[in-house]
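Notes to accompany the following structure.
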Amino acid sequence: MSGDEMIFDPTMSKKKKKKKKPFMLDEEGDTQTEETQPSETKEVEPEPTEDKDLEADEEDTRKKDASDDLDDLNFFNQKKKKKKTKKIFDIDEAEEGVKDLKIESDVQEPTEPEDDLDIMLGNKKKKKKNVKFPDEDEILEKDEALEDEDNKKDDGISFSNQTGPAWAGSERDYTYEELLNRVFNIMREKNPDMVAGEKRKFVMKPPQVVRVGTKKTSFVNFTDICKLLHRQPKHLLAFLLAELGTSGSIDGNNQLVIKGRFQQKQIENVLRRYIKEYVTCHTCRSPDTILQKDTRLYFLQCETCHSRCSVASIKTGFQAVTGKRAQLRAKAN
């Protein structure tokens, strides 16, 4: 309460607490209080210090109100948040800082950037990619293409359908360069001693391969190639089947039917190996040779340089015997 609200009343008197009246036991056992005891009652006189007491009460209330106001102010001040000072961003200073960083990064080489990236970014989940496995035909084509490049560098064997001059079978006139090439080719054929240092080229017809169904392949011009090479069909057939690792036979149309799916490039590679080993001479690389058998060995005799050398025998590769095993199991059961 403030001092304005207090009104001075002279009739008011301060209330005093009542004193407890103890009781005493007489010799006879009766209880006696102060009222029963013979004592003189004292009259309450009004104290002259009532004004002082009222002033003290007013001061106490004023102090309490002031302390309450201070507590409220402190409470509100604690709740108020301090405003952060806004920093002014200068574009020019930022550009200069970026340039300095770039110069420092160019001078200093990065050390182990992969580990830092892993720490910063964390382990990210990698997306699963659908892996497509290539077909057997595509794998074989790639392998055979690499083998062709290697063999063409070493061997002078090539396959082409042209048997005569380039202008044969057409109405166009021949050129001067074509005539020169023809003259030099004739000279080399007639006089092989003139071209001792040069490599000779052996030109062959390409094999004609046709699919028969889904599991067989037909070698159409098999007999024609045997005649061009001056070799027996049995010898060439044994080499083809051993290198390809399959089985096959010659049908009524003189075509070789092979079990399995094969492409023209694969058979060309096998023929190139056969020509290099059993047709061309090992000394002069001439195709004019004769294959002779003497005491279980094959000898290659050249008609141009008259050299004679032995040739490796044909060995069959690994072949699975699933059919025989199946028959043996069936008999055992």
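Please read every residue number as a count from 1 along the shown chain.
Heads up, the Cβ atoms here are built off N, Cα and C, so glycines get one too.
Pulled from Swiss-Prot:
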COMPBIAS  13-22  compositional bias 'Basic residues'
COMPBIAS  40-51  compositional bias 'Basic and acidic residues'
COMPBIAS  96-105  compositional bias 'Basic and acidic residues'
COMPBIAS  106-118  compositional bias 'Acidic residues'
COMPBIAS  139-149  compositional bias 'Acidic residues'
CROSSLNK  Lys102  SUMO2 cross-link
MOD_RES   Ser2  phosphoserine
MOD_RES   Ser2  N-acetylserine
MOD_RES   Ser13  phosphoserine
MOD_RES   Thr31  phosphothreonine
MOD_RES   Thr36  phosphothreonine
MOD_RES   Ser67  phosphoserine
MOD_RES   Ser105  phosphoserine
MOD_RES   Thr111  phosphothreonine
MOD_RES   Ser158  phosphoserine
MOD_RES   Ser218  phosphoserine
MOD_RES   Lys265  N6-acetyllysine
MOD_RES   Lys293  N6-acetyllysine
REGION    1-119  region 'Disordered'
REGION    139-164  region 'Disordered'
ZN_FING   281-305  zinc finger
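For Lys293 (N6-acetyllysine), other Cβ atoms within 10 Å of its Cβ number 10. Lys293 (N6-acetyllysine) sits 30 Å from Lys265 (N6-acetyllysine), taking the C-alpha atoms as the reference points. If you measure from the Cα atom of Ser218 (phosphoserine) to that of Lys265 (N6-acetyllysine), you get 14 Å.
Per-residue confidence over the zinc finger (281-305) averages 86 (mean pLDDT, predicted model). DSSP assigns Lys265 (N6-acetyllysine) to a helix in the three-state reduction. Cβ neighbour count for Lys265 (N6-acetyllysine): 18 (other Cβ atoms within 10 Å of its Cβ, all protein chains included). In the structure as shown, the Cβ atom of Ser218 (phosphoserine) sits within 10 Å of 18 other Cβ atoms. The residues of the zinc finger (281-305), classed with DSSP into helix (H, G, I), strand (E, B) and coil, number 0 helix, 12 strand, 13 coil.
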